[in-house]
Amino acid sequence: MSAEDDASVNILKSDKTRQLHYQRHLNQLFGIGLYVIFFSFILIRALLVRSRFQSKISQLYLCVERRLKPQSYPRSHKSAYKVFGRFDITIPTFPQTLAIGSFTLLVLLCAAFGYTLRDESEGYQPTLDQYVRYIATRFGVLAFSMLPLLMLTAARMNVFVNLTRWDPDSWNIFHRWIGRLMLICAVVHLTLYTAYHLMLDQLWSKLIKFYFICGIIAACILSLMTVVSIKYFRRLSYEIFLFGHILGSITLILALFSHSMWKRAVEWLYLTLICWGVDRLFRVYMTSGFSPRPGRVLHFGTLMRIDVMVPENISVRPGHSLFGEPPFSIAAVTPAHTKRGSMDISASSLSEVEWAPFIDRSDGDIGEDGKKTTQTQTLTFLVRPFDGLTQKLSRHVLSAASAIATLERPIPLKVYFEGPYGNQHDLSRYDSLLFLAGGAGITFTLPYLLHWNDTYATKLSSSSSQRIHFVWVTRALHEIESIVSFLDRIDGELRDHVEIFYTGRITSVAYLLNNMLTHSHRYWVEQVKVGRPEIGSLLANALAVQPEGDVEDDGDLDSEPFSVAFLACGTGGMLDQCRQEVEVCRALTMHDITFIDEAFTR
């Protein structure tokens, strides 16, 4: 080969190297651009929800939603269709689908463009195998770039919840979809790089390389974590899934560190570790300390009530979450203030069981040793002891008590907790409030009712125009005994707006009245209605404006816009029915109806 030919070869190699470095920097810019667009949207959302034009924006959104939303859009969101029932796959709601679809489209756009030459005037022209390498690298960098976002959306201290005021469950769904997109990018990356090495006839030599083996291991771990994140597998044992998820994440990060040969890809891993570290620091700050708090368990058959004494300086409100970890699994807590200077909390569990806490602040609480402790408040959880570690706790309680425990025979235990997290839904701007809870779902709605009970007592003149209707549906009337102390706090005027529906097997309430344990229990059972409430009628009554006793037809499109907040918590089927009724009312009226549901799809 002549000197001129050697020079040409060197120039081509130099051009190839420059083009490769150009593609690598371009990939980095696409990853950064992904975050710039994402956080810009989060910032705009945060500003809008805090804007004084929020009500007008909500009306505009409703108008756009009515015109753009397909009539054939799936009606099942929380409960699974029969075809998916085997794996209990849920379909996201319309806003969630819109957010997931937009992010998926953004990732596809980042992967579809930017494969042109750095300088068209250069004589170098990439071959097919080089283009395959460029595309493979792009998908690999995109997978890396989604790791910090994956960590942020799964963090206990999720800043996006406070910024956007979307519930943690929505962000948890978004977290799983990011993981699925990351898996797709990783599979495409692995497939194309395998094809690239096959084109160069060097696949078998690469298979023995440590970085290549680590890449395969990382892809397998990510695939396994994605598969077991399906609700069917999570419900088999949430605790095993959670610890396996954490262990898999650690192994994945270590494998990716060994796999990456490019420092600008490793930077995404460092950023992921920073996000993880910051979340852990916040969790340490939010914990109750390394010593457990005293508590007690009371068993009511289908519900367990767990009272925990916590420091008085913990400030909680409706919508906040508190995570506890006794010998049972994690629970989310929703708190609210009551008029006597106490606090009440309710919650739903993250581990597929329904929780409920309430907090009662007093000058002193009875400790485990029978002595009074000062500067404490009592946090109460309501737990469905059907599966997982809560079932083991239930067996322990029944074994220790040799019978179902009552308020006079609690079982002591120790509890660790951290929090509070989350944010409170602002209900002050609505003309009417409708609360609907099924079973232990009362743990989400009751704190808001107690909060507004306090509002009625202290600010009656400014709150009298706001109508409240509270509905609880239960299949076991003895569950009233677990929260009767909180129901008794409701003022007489507000009690008229509280309804309890019984859907159990016993059709005679009189039969139950003869077996009531306390006078308070008997009072609330006397208010019970047998059967299921008509959700459409409840919503229509909430929409009916009643000035001076006159009822205005809620279907009148010419009526003055009326705002209603509909808060619901219960089974997936009940929430889907609520959503359908809300859609019907939105289609028939111009009223502002905000539907807020609380249901963990973990």
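Backbone N, Cα and C define each Cβ position, glycine as well.
Cross-referencing 97-115, 268-286 with TrEMBL places the feature transmembrane segment at 97-115. The transmembrane segment (135-156) and the transmembrane segment (208-228) are not in contact, since fewer than 3 Cβ pairs between them lie under 8 Å (pairs 6 or more apart in sequence). Each residue of the domain 'Ferric oxidoreductase' (139-255) gets a DSSP state, and the totals for helix, strand and coil are 102 helix, 0 strand, 15 coil. Residues 179-180, 182-183, 186-187, 190, 193, 234, 241, 244-245, 248-249, 251-252, 255-256, 258-261 of the same chain lie 6+ residues outside the transmembrane segment (208-228) yet bring a C-beta within less than 8 angstroms of a C-beta in it. Cβ atoms under 8 Å from those of the transmembrane segment (240-262) belong to residues 24, 144, 147, 210-212, 214-215, 217-218, 221-222, 224-225, 228-229, 233-234, 269, 272-273, 330, 351 of the same chain, restricted to positions at least 6 beyond its ends. Long-range contacts of the transmembrane segment (29-48) within the same chain, counting only residues at least 6 positions beyond its ends with a Cβ under 8 Å from a Cβ of the stretch, are 54, 57, 103, 106-107, 110, 114, 138, 141-142, 144-146, 149, 160, 163-164, 268.
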